[in-house]
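Asker: First, the structure itself, so that you have it in front of you.
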Amino acid sequence: MAQVLTQFDTIAAISTPIGEGGISIVRLSGEDAVAIANKLFKGADLTKVPTHTIHYGHIVDPKTKEVVDETMVSVLRAPKTFTREDMVEINCHGGMIVTNDILQLLLANGARMADPGEFTKRAFMNGRIDLTQAESVMDIVRAKTDKSRQVAMTQLAGGLLDKIKTMRQELLDTMAHEEVNIDYPEYDMDDLTSQEMKKKAQEVSKQIEQLLQTAQEGKIIRNGLATAIVGRPNVGKSSLLNYLTQDDKAIVTDIAGTTRDTLEEYVSVKGVPLKLIDTAGIHHTEDKVEKIGVERSKKAIKEADLVLLLLDASQDLTAEDKRLLDLTANKKRIIILNKQDLGTKISQEMIKDITDNPIIVTSILKQKNMDALENAIEKLFFSGIENSQNQILVTNQRQAGLLTKAKQSLEDVISGIDDAMPLDLVQIDLKNAWDTLGEITGESAPDELITQLFSQFCLGK
């Protein structure tokens, strides 16, 4: 359970991406953060400046007296900081050498190198955020679309936390009521309190079910929709990838078989991230390199959430086209009849006789009817998703798994009462549900889970 801890040492890390840029930020957090930074800083005395102020000066090696860089240094004092500890942020010029030199000086003067995610972990351990909010910090960093960011911001603001806390309080109130009955059986309130317990278990179970119904939507918004672009060679797959990405990542030529591997790219369709995979054409080949590409394409199709299957509308349906139609028959897919400007030998009616999947007729190179493709994707997966950034969504497998576990405990409460089990035994399942919900927010999460979760963060976060 999150609690305020004061015995942490002082940590330091580079918080910005390593490389050349306008500025880099080196971050400190801990009881000695200001004192350590002050050893290196020539300008104002950082130990005497007000909190939440920024100061111009130079970082100087205290041993050699060499000026390392010209900097702006922010001083942020506990408890109104991200970690609820004293923090210092050194804004230096954005270069690998100068940034690392400043970090090494901080480490040589009393700071410790931060573990991945340790700043956010301290924010959690000091009670500033819960685990769902900590996860949302990582989601904001990794957001691939505006919608991903908006959903993560809702989580960071405490949307899911508030919902979980409300459900836990309802269960806690019920448990307290039942404890009175168990401890004072002479009042003979079994029938009344058991029915109240059942009703509350049903109510909270329904709330959990409503959250679980958002899990698929939340997963897609957070992780993206794995989308395989499939078709025989030279049918327009790379042209579709280039149109959607507005980029030349995939090589487009008139020679069949030029995409010899799977190429991945993220794009935003109606605000939802699609992880596009441009696959090699699936066809018989003796070329060893192409064979590898074909096998990877089959694997990509198997793992895809959505298949965009391209057919050349200007040519008759080939044996390879038919194989691809069979290979993707059990996938969610959209059929794209491309090159319709060159003539129509494959019509919508012909494909409708084979499948009831959505069909888009287009010329990708001439960008005809491409908005229909985005609309078809939205309709297939995301109907009603437009306002989801304001919804409370379950966005990862950990949350969904724990909600499912809590719901099962509540179902056990209901069945136990129906079977007239003793209240003290039913109470165990009720407490299990309460504890499991607490794991979601971190209030009753084991240390191993907390350590594993924060290890997924980047350094400096």
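Positions of Cβ are set from backbone N, Cα and C atoms, glycine also.
These figures come from a predicted structure and were not determined experimentally.
Pulled from Swiss-Prot, these are the listed features:
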type	residues	note
BINDING	Arg27, Glu89, Arg128, Lys461	(6S)-5-formyl-5,6,7,8-tetrahydrofolate binding site
BINDING	Asn234, Thr253, Ile255, Thr258	K(+) binding site
BINDING	234-239, 253-259, 278-281	GTP binding site
BINDING	Ser238, Thr259	Mg(2+) binding site
DOMAIN	224-382	domain 'TrmE-type G'
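For each listed feature, how buried is it and what is near it?
Answerer: For Arg27 ((6S)-5-formyl-5,6,7,8-tetrahydrofolate binding site), the Cβ neighbour count at a 10 Å cut-off comes to 25, with all displayed protein chains included.
DSSP classifies Asn234 (K(+) binding site) as coil under the three-state reduction.
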Asker: So among Asn234, Lys237, Ser238, all listed as binding-site residues, which is physically nearest to Glu89 ((6S)-5-formyl-5,6,7,8-tetrahydrofolate binding site)? Use the C-alpha atoms.
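Answerer: Closest recorded candidate to Glu89 ((6S)-5-formyl-5,6,7,8-tetrahydrofolate binding site) by Cα: Ser238.
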Asker: Closest to Asn234 (K(+) binding site): which of the binding-site residues Arg27, Arg128, Lys461, going by Cα position?
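Answerer: The answer is Lys461.
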Asker: Based on the record's binding annotation for (6S)-5-formyl-5,6,7,8-tetrahydrofolate (Arg27, Glu89, Arg128, Lys461), what whole-number value in Å is the widest Cα to Cα distance?
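Answerer: Max Cα-Cα spread across the (6S)-5-formyl-5,6,7,8-tetrahydrofolate binders: 19 Å.
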Asker: Determine the minimum-neighbour residue: among Asn234, Ser238, listed as binding-site residues, which Cβ has the fewest other Cβ atoms within 10 angstroms?
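Answerer: Result for the binding-site residues Asn234, Ser238: minimum number of other Cβ atoms within 10 Å at Asn234.
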Asker: Using a 10 Å radius around each Cβ and counting other Cβ atoms from all shown chains, which of the binding-site residues Arg128, Lys237 yields the largest count?
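Answerer: Checking each of Arg128, Lys237, the winner is Lys237.
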